[in-house]
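Below is one structure; the comments refer to it alone.
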């Protein structure tokens with residue numbers, strides 16, 4: 001087929017500039033890697049594979065700061081997902097991915113295909129997905145466009161996950177004006193497997209087959225990788241052709257077929273990989289690179305649902321529900337029979353070749369002949385300029401903001417109605433959290449918890465991130481993101497194992513934004529080392545801007561923890577009247593970036609103060625010990641809204657109350673957001689032993705009561721509020737806002 005442009009026309013007209021390939025990169029490819037002008041198809045492949053979304057060419061130097069190994073890690077970054085040993089020959093597999101740009105443009109399909117893509121990463125490793133999580137960040141709900149995007153994003157996540165029969169058991173949803181023009185949709189999936197079934201995305205063995213399985217290839221999602229590597233503007237906000245369209249029913253069949261092959265016929269399979277960003281070119285080139293092999297593909301054999309597709313379109317399509325397999329020669333028909341059983345296509349489209357060349361044929365002609373390494377290993381890493389933002393320099397010279405609170409009841413009630421704090425059940429009730437009946441704790445708890453059938457073990461999982469803290473103080477904010485995730489895991493009675501992440505930032509060519517990325521990753525990395533929670537997978541999503549307005553830097557931490565005895569799962573809500581109430585951790589005047597500051601001033605400002613990361617980790621480990629020894633009745637970590645909001649949340653959906661004595665604390669401290677704190681309830685007969693373990697880090701502040709009242713005594717006031725009244729405010733806030741009219 002005739003190419004859309006000749007190599008000479010490409011050199012002259014430079015269409016690659018619209019595909020996120022720079023002129024310097026193009027010149028390097030033609031002079032240093034190929035020694036000739038690349039043709040149209042080849043230029044398109046380089047544009048996709050050298051995009052930030054696929055290559056991490058800007059962020060890779062920063063990503064090297066992360067630890068990625070410890071005694072439990074079986075597979076770290078580089079494969080479809082990370083794998084962690086959970087004893088007894090079993091492993092947990094997990095990863096998070098962003099689908100921010102597609103979801104901003106087309107919320108329903110963008111969110112749905114984000115779920116589908118991350119599920120394929122999990123089962124491509126040989127694991128069965130057992131849970132989904134999300135991290136969603138929207139503009140304010142007083143905007144009709146935001147309300148539409150919230151509704152459709154949540155519906156997309158729910159529809160895809162529910163059709164797959166995989167519970168969505170945890171997540172977070174926040175609202176801030178910075179996400180108005182560029183929402184964040186981060187999806188996480190967790191899978192369970194036997195360690196013997198771990199797969200790799202590799203293609204090796206001369207003569208072995210390259211097999212395409214799953215849905216047909218269409219024109220949806222072409223250049224989705226480069227779309228995700230550019231800022232939004234008025235022109236590309238309507239670029240719906242870069243958004244994929246999902247079919248969860250086909251994905252369910254694909255999952256079962258792949259696991260059938262992996263578990264029952266592992267000797268037929270060399271490697272397997274999802275066709276995600278950049279479609280066939282990404283999966284095939286990465287597998288060939290991993291196997292140090294050459295590869296030859298005949299694109300005429302690729303199943304296509306639209307006529308007249310060019311080689312360029314076939315290779316860069318991001319049609320969903322597709323996988324690429326490397327199958328041992330002679331077993332092609334055996335593999336085909338498995339996929340036939342599930343009514344799925346399985347076609348041999350190429351072979352592994354000697355050498356290291358990547359060769360494509362289309363319409364009987366050779367349309368690509370380049371080294372495999374030129375697509376995967378020879379990408380030019382970019383040195384980015386960094387500059388500390390002037391706003392931070394200025395804030396460091398200003399006095400800290402301390403709120404003046406006259407009516408503590410009014411402030412607490414107003415905070416409970418803030419969108420980020422308010423009850424999200426009207427959103428997550430659209431997700432099936434109980435399917436497969438392994439869910440012990442679902443949405444609304446500090447972490448989602450699943451039992452592992454046939455064992456006494458359980459898995460706890462969470463997603464956490466706070467862009468406000470990172471915006472004000474990137475390094476400390478990065479630490480807080482990790483500490484908040486660990487706090488949610490430990491509050492459930494689980495030992496943190498490892499993390500995945502989504503690094504959501506603006507344009508990295510802006511020196512201030514790259515400085516934010518660097519500093520926050522440094523903070524996260526320091527916290528990962530302290531907590532021994534390596535980064536085993538994840539992704540980077542840059543260029544989250546709209547017409548030059550960047551989001552707050554928002555690293556999302558997805559963490560999984562191991563519960564040794566599922567009977568010792570710790571609930572988030574108070575359990576027994578008469579139990580002692582403890583505040584674990586120190587409270588300071590930490591209001592910069594808090595929900596209280598945003599509510600009272602309409603903005604955020606100041607510096608997020610550093611804290612003793614090692615000390616926080618030490619007492620969190622001691623707290624976990626008390627849980628494992630059966631000393632704790634309930635636990636809830638403190639986050640948005642501080643102690644006041646957390647106290648209310650522990651008695652919501654119960655018929656109990658709290659009597660709290662904070663006579664040594666001024667009123668504002670009730671809403672401080674000092675990290676690493678917990679509300680813990682303990683039976684009176686276990687209180688002495690609990691205090692002996694926690695020492696000065698546990699502060700007795702009250703007791704659980706039979707009355708449905710929240711009573712708090714403060715140095716300069718009192719709070720006496722009916723819990724049912726507070727709960728009504730908390731529950732009705734988001735439904736009322738979603739129904740409002742502009």
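Placement of Cβ uses the backbone N, Cα and C atoms for every residue, glycine included.
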Swiss-Prot ATP site partner of 56, 501, 538, selected from 95, 564, 580: 95
Cβ packing number for residue 120 (substrate binding site), 10 Å threshold: 27
In sequence order, the recorded positions (53, 318, 320, 539) whose C-alpha falls within 10 A of residue 95 (ATP binding site): 539
Which of 98, 320, 539, all binding-site residues, has a Cβ with the fewest other Cβ atoms inside 10 Å: 539
Mapped DSSP class for residue 99 (active site, proton acceptor), helix or strand or coil: coil
Inter-residue C-alpha distance, residue 56 (ATP binding site) and residue 100 (substrate binding site) (nearest angstrom): 16
Proximal residue to residue 120 (substrate binding site) among recorded positions 53, 97, 99, 501 (C-alpha distance): 97
Alpha-carbon distance [residue 97 (Mg(2+) 1 binding site); residue 538 (ATP binding site)] in Å: 6
